[in-house]
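Listed in Swiss-Prot for this protein:
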- 1-35: signal peptide (SIGNAL)
- Asn84: N-linked glycosylation site (CARBOHYD)
- Asn304: N-linked glycosylation site (CARBOHYD)
- Asn348: N-linked glycosylation site (CARBOHYD)
- Asn495: N-linked glycosylation site (CARBOHYD)
- Asn522: N-linked glycosylation site (CARBOHYD)
- Asn812: N-linked glycosylation site (CARBOHYD)
- Asn931: N-linked glycosylation site (CARBOHYD)
- 1082-1154: domain 'BIG2' (DOMAIN)
- Asn1445: N-linked glycosylation site (CARBOHYD)
- 1813-1833: transmembrane segment (TRANSMEM)
- Asn1859: N-linked glycosylation site (CARBOHYD)
Amino acid sequence: MTGCPASSRRRGFGLFFFLRLHRLLLLFLVLRGTLANKLNVPQVLLPFGREPGRVPFLLEAQRGCYTWHSTHHDAVTVEPLYENGTLCSQKAVLIAESTQPIRLSSIILAREIVTDHELRCDVKVDVINSIEIVSRARELYVDDSPLELMVRALDAEGNTFSSLAGMMFEWSIAQDNESAREELSSKIRILKYSEAEYAPPIYIAEMEKEEKQGDVILVSGIRTGAAVVKVRIHEPFYKKVAAALIRLLVLENIFLIPSHDIYLLVGTYIKYQVAKMVQGRVTEVKFPLEHYILELQDHRVALNGSHSEKVAILDDKTAMVTASQLGQTNLVFVHKNVHMRSVSGLPNCTIYVVEPGFLGFTVQPGNRWSLEVGQVYVITVDVFDKSSTKVYISDNLRITYDFPKEYFEEQLTTVNGSYHIVKALKDGVVVINASLTSIIYQNKDIQPIKFLIKHQQEVKIYFPIMLTPKFLAFPHHPMGMLYRYKVQVEGGSGNFTWTSSNETVVIVTTKGVVTAGQVRGNSTVLARDVQNPFRYGEIKIHVLKLNKMELLPFHADVEIGQIIEIPIAMYHINKETKEAMAFTDCSHLSLDLNMDKQGVFTLLKEGIQRPGPMHCSSTHIAAKSLGHTLVTVSVNECDKYLESSATFAAYEPLKALNPVEVALVTWQSVKEMVFEGGPRPWILEPSRFFLELNAEKTEKIGIAQVWLPSKRKQNQYIYRIQCLDLGEQVLTFRIGNHPGVLNPSPAVEVLQVRFICAHPASMSVTPVYKVPAGAQPCPLPQHNKWLIPVSRLRDTVLELAVFDQHRRKFDNFSSLMLEWKSSNETLAHFEDYKSVEMVAKDDGSGQTRLHGHQILKVHQIKGTVLIGVNFVGYSEKKSPKEISNLPRSVDVELLLVDDVTVVPENATIYNHPDVKETFSLVEGSGYFLVNSSEQGVVTITYMEAESSVELVPLHPGFFTLEVYDLCLAFLGPATAHLRVSDIQELELDLIDKVEIDKTVLVTVRVLGSSKRPFQNKYFRNMELKLQLASAIVTLTPMEQQDEYSENYILRATTIGQTTLVAIAKDKMGRKYTSTPRHIEVFPPFRLLPEKMTLIPMNMMQVMSEGGPQPQSIVHFSISNQTVAVVNRRGQVTGKIVGTAVVHGTIQTVNEDTGKVIVFSQDEVQIEVVQLRAVRILAAATRLITATKMPVYVMGVTSTQTPFSFSNANPGLTFHWSMSKRDVLDLVPRHSEVFLQLPVEHNFAMVVHTKAAGRTSIKVTVHCMNSSSGQFEGNLLELSDEVQILVFEKLQLFYPECQPEQILMPINSQLKLHTNREGAAFVSSRVLKCFPNSSVIEEDGEGLLKAGSIAGTAVLEVTSIEPFGVNQTTITGVQVAPVTYLRVSSQPKLYTAQGRTLSAFPLGMSLTFTVQFYNSIGEKFHTHNTQLYLALNRDDLLHIGPGNKNYTYMAQAVNRGLTLVGLWDRRHPGMADYIPVAVEHAIEPDTKLTFVGDIICFSTHLVSQHGEPGIWMISANNILQTDIVTGVGVARSPGTAMIFHDIPGVVKTYREVVVNASSRLMLSYDLKTYLTNTLNSTVFKLFITTGRNGVNLKGFCTPNQALAITKVLLPATLMLCHVQFSNTLLDIPASKVFQVHSDFSMEKGVYVCIIKVRPQSEELLQALSVADTSVYGWATLVSERSKNGMQRILIPFIPAFYINQSELVLSHKQDIGEIRVLGVDRVLRKLEVISSSPVLVVAGHSHSPLTPGLAIYSVRVVNFTSFQQMASPVFINISCVLTSQSEAVVVRAMKDKLGADHCEDSAILKRFTGSYQILLLTLFAVLASTASIFLAYNAFLNKIQTVPVVYVPTLGTPQPGFFNSTSSPPHFMSLQPPLAQSRLQHWLWSIRH
């Protein structure tokens, strides 16, 4: 924007700065004296050089203008630099000009031209002695920002040169001596600045353009490692200066997320992510990391912490760090490469484990607790430690919170409760709360916070702040009045601070009044809430330059004396967007109004008014005389002249549209003439408007005006002119308004056209062509007009034109009679040969002429046909006589042809200059126009002679080849959709997993754009070839099978992996590579075992090895399903005796074709047999004492192992016995861990030898089901027996210390260790071997190697001590073969006293250890056996090698029996088999568990010391569990895992599936009922969920029962509800009863406890006669819906009601009444008794008018005695049904006149005072007859379901309705009889 002239600005702002001008001048003078002039450097050192382009240096002064001078021009020259074309210089360029390689100096003097102050700089020129490379870092990252390297040059004294700009250097990458010999550019590369996204110094950019290198370069990392960069000076003079080297490390830009220090609470965790920066993008790195490992180091435990444990634990696989105790530790990266571990740039962070201190709230945005309705806020609950440091909140923290739902809508809440996205709903003040409650450990153990931490925050919510209007705009008016505007504000707290973002433009007052206009610019006025400045309303205010003005729509014609308001809008036009902004107020601008015709309109009152809603100013004009004028309104402000004009009463010129000049028609034809324009009807007198068309000879033509219902234009006028006789004449058209009083001089326009009526002289017939835009017309009629091609496929439209004798074309010839004919109607014909369709066509001038169209019907046959048109005559009978000489016919010959087609229609062309594609044009007329939809994609050559198109590709692109047939009816061009494409992708299709020595088909295709394949004829232009990474496979080409691909045969020759790629080149030589296909050559797939022997009903699983890795799913099938069956896991179950074959195949589905691909397959022979006999397999029968040996049952053959029969269903039982029990013990397997297996699993036992002797072991195998056919001959049992000899081991009696010998297997090794190693020199040697020296060898360093011969040797070990003493020990070494092995289990399992385990607990981790023995039971000290592990199934037990030799780790994952077999690969007979049974160790059974069930879990497992373990739960929201006692409450449907953990021993679990409760079952004690008597017995309603009848599972201990009632609170699951059954009773049950839920441990069900609330008198009165019961029901909190809700009806007996607390009797009136309301069964059980014999209570009587009212009469027997009684007398009223007991005090009153009257009058006044409205109604009724009253009373009884009875309390007078002179009605009379009169007025009531 440009402002006003400078003079205007100075006038506008002079006043603003005048008062402060002298202060600014004074400050400037002070600063001028204090701020000294300085140069940027005091000394400069420049290098000597002999090559052109000397090194420049820029010298700068801070302020002033200077002249520059050098004292030694031969050494240094100085060139001043002048800025902005002035003569002021603050900079100069120094250039070293020395020609001698010696040190020279010069002084640069800079003199300030105003103050004459002189500055000095010393400049030296010297020779470069050495150079070095300066870098900000020695480490750079792969594919990251480049590193800038700079050369620093030093002279002989070590001084640094000031600049090296312009000197040429040679940069290169040198060999790194510390790294492996690799390609020099493999680690880094040198970049130009033009290749990077960084701006270089100007001189560097210029040098790079000249392919030179300067003193600054960029290097970029390619891959990790070290590299050396070398630089030397290019100038030959400095060739002896040594090159500078720098060694750089290239690292991956890897970092931790988060990377800052973290504070954790004990038990919480944080999951780290590792990411790296690649080309500016962050990419996550998956674990495990390729080059790094994460470690926790420097564990610093807090005071009182356990130093044996770590502060935190790191999970390597997930990078999750879990805090275990207070302290701190460091999480660091460690490079796997040892040489790279010295890198300092690897990320790390510190983790602090702290205690929670307090909580804090934060709210965003704004961080102020003054919020706005409708806005969304993020409320964060932060946890801080005691040092006020924020703690990382992990997902396992639990924070409870309370945000009132009335004020907040929670849109998102995290699980831990720390992060909330809420929406403020309503205004007000509210308090939110949060508490840190617990931490959930990874084992689902919930650890409550020791000291509960709470925090609360007060929040104020207001409505949004809204300012109106939305914006303000004022024109810039520097010398005029200021514009003022009051901004309206709504919402907020009501207290605002008003600010303007630009107070020079807009000033705003504290009341919101803005003032602007004198300074141009924009400003935003903010109304900020004082309570929260972040909450504000804003309005944009613009003071802009006036660019445009316009007069808004208005009335343009007006009567004389009327006034027109011309609204004026003014705008500012944005130069960039061209958008216009209307000003709000421009009324202060002075307007000028001008008119081109003076006196027609005049300006009224100078024309300026206040702005309106749609305009910013206005003016008024008044009409003084008739006419037309141009009103111009202009404004001249700020040297800007703008104007806007409006024309009044104007019309368009009159013109003839059709015809323009002449119309030509045949006799009796019609021409439609169209005229446009002329004066419009005057708006004040439209009736005076006229128009007319006049003819010279009216008898020869007929004229009729056409009135169309909706004309195209309102000022168009249409006439139909019919020729009645031949000839020519002129037609005149006039239009205007007749003169009138208000329009005395109207305009009238006249226009003339010629109308000719003549005979036709000639005709022409041509096909109608739709010529494409821009194409030439068909050339054929010009060359050969008698043979015109037309389409044989489509009907052709033939056009007939008729001409007169002057060759003028007729406008209309529809009166002619014509006849059409075809010479060959088998080729073409006319359906109606006499008719013709007249079609109007524009000739380009706007005049339309009618042409005759006839459709030629074709029969889709090629050929030639002659078409003729004959003129028969006129359609009218009386035709002119001169038609005999007129033309009779016209002929044209047509050629019927096909449409042109392009062959082929679709093609993808390879973009290569050697490619030329030819497309044929088939059929058509032969005259074509060839176009392309896109230019520049191909070169098109149309070869007309060959009727073809040749294309040469230029650039890639998609285009359509369009061929237009110029001489056929145009329905669109013939098209060919073509695509010119470069190589986009190379595609390889093959099976990437190949078994060795097999072949697969390889297909290669080249794809262009849109994945379209190229034809293989282009492959030679692409130099396509296949390349293998290794030679483990071979490729052989095949013959072509299709035109889009090449095929090869791939043969696998060696096992391994390789990569296959396809390579091609484009025309630019760029190489394209396909996606590498990784090919795996895998070993043959095998199923194990090769043969399987089973008995019927026994199961064993087929295992697999080999095949592709990782192995795909194996699909199993069996050849004979009657012998055995196999499932998808490969588990084979025998059925009957026989053989079968199990087939296993590895297959997958091709993602592209969907076909099943079989990689490999194998088979297993299955034999199902019956056991003929059993035998005990004992590896040795002679054993030493105190040893162990396994024994197990086998079949008669070696294939009948325990795998064959030990897993049958029904199974076998094994019973073992011994002849002598004192020689050995025969114990089951796993007895070492205190497991007692059932007899079905005892196929293997362990012999424990105790004493010398001989005994026999016998086993008997029983068949549990004889029909299963498991034993041969249908036997029920088989047995076997074996003899065992136990003898004592050889021992010496003297000395007492028995020598021990080393026992080693054959061909094994053993490393000896002594206790003197490191302290003395220890050596060993073999003294003697038997039978020869090959038994054992020793290397002198303690390594024993056993040979292949069994024998013994003597070993001597010598220790030479440093203090001069030598020690020697001699031991024996025995080498023997291994006879048997034994498997033992760990850890030991302990159970509660009297309890046993028959199986391993589910989830337990087991360790199996293998020990080896010789032939007599001695255990070997070392081993060399290669063991083979086999399982009968792999789905129940996960087993693998342990962390020690000959140990296996197993995890029990499913219930069932798994057989584990171990044997020597070289000696399969040396084996051991053990059963591993897995069962639940947690009780009870959790099947059919429903929401609401309470489960008391228990287990027999204990620790070694008899202590129980710890309970844990996986989903506490599903099964809320007390971790101390192990009791849980099912709170919501789902699946949860209950864990029991005994640390260091066992951790077991059980799955609990909680089902949703279908419905709740309700019941109660039928002997009980409800009443509303206060302090009545509590009513209990029993509820059960599910289908079990009770909700308590398992046996609950007292501690568990206490946890149920105190901790778990299951009653919170249930919501109880009650409701009266009588819907007409307008009393909610919640006012009568208090209901809450509970759980009964005795019954094991939920209970709804219903208690009676205190009730008001009105409520007791209304309920006393209520006939209703009570509905009771319950709902679960988690299931709010009432679907399937069951209600139960509970009897209800209401309490009786009495509203009398006392009864007053007198001497004259000694009889009183007590009225009781109640239901009949309550009234029948009432007992009314007097406390004294002085009063007598008579029997009650019922009111005939009011049901439920009982009246008791009380009479005084002796009034004197009654008056003299010291103690009060009571009438006691009680009922056993409702357990009520009420008392009415009866007291005596002294005799007074009218006492009784006053008493009853008081009752009446009290009643009428309370029911004034009712008494008004009664007063009106009493004025009528008694019969009307009775009818009205009956009506009230009908509408009243529950009477609300008002009983006034006696003795308290109230103001009555009747005055003292009035008499009450007779039915309210105070005279006897009391029972009748009082009853009536007492019962009068209305329904509330």
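Just so it is clear, glycine is given a Cβ too, placed from its N, Cα and C backbone atoms.
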- Message: Radius 10 Å, atoms counted are CB only; among the glycosylation sites Asn84, Asn304, Asn495, Asn812, Asn1445, which position scores highest?
- Response: Asn812
- Query: Which whole-number mean pLDDT does the model give the domain 'BIG2' (1082-1154)?
  - Reply: 90
- Any same-chain residues 6+ apart from Asn348 (N-linked glycosylation site) with CB under 8 Å of its CB? Would you list them in sequence order, or say none? Leu256, Asn330, Leu331, Val332, Phe333
- Might you list, by sequence position, any residue in that chain lying six or more from Asn931 (N-linked glycosylation site) with a Cβ less than 8 Å away from its Cβ? Leu961, Glu962, Val963, Tyr964, Pro973
- Message: Same chain only, sequence gap of 6 or more: which residues have a CB within under 8 Å of the CB of Asn522 (N-linked glycosylation site)?
- Response: Asn502, Val505, Lys540, Ile541, His542, Val543, Leu544
- Simplified to three states, DSSP reports Asn1445 (N-linked glycosylation site) as coil
- Task: Compare the C-alpha of Asn1445 (N-linked glycosylation site) with the C-alpha of each of the glycosylation sites Asn84, Asn304, Asn495, Asn812, and give the closest one.
- Result: Asn304
- Message: If I take the Cα of Asn304 (N-linked glycosylation site) as reference, which of the glycosylation sites Asn84, Asn495, Asn812 has the closest Cα?
- Response: Asn495
- Note on the structure: Cα-Cα, Asn84 (N-linked glycosylation site) versus Asn495 (N-linked glycosylation site), nearest Å, comes out at 53
- Task: Fill in the CA-CA distance, Asn812 (N-linked glycosylation site) to Asn495 (N-linked glycosylation site), as an integer in Å.
- Result: 84
- Message: Treating G and I as helix alongside H, and B as strand alongside E, what does DSSP give for the domain 'BIG2' (1082-1154) in helix, strand and coil?
- Response: 0 helix, 39 strand, 34 coil
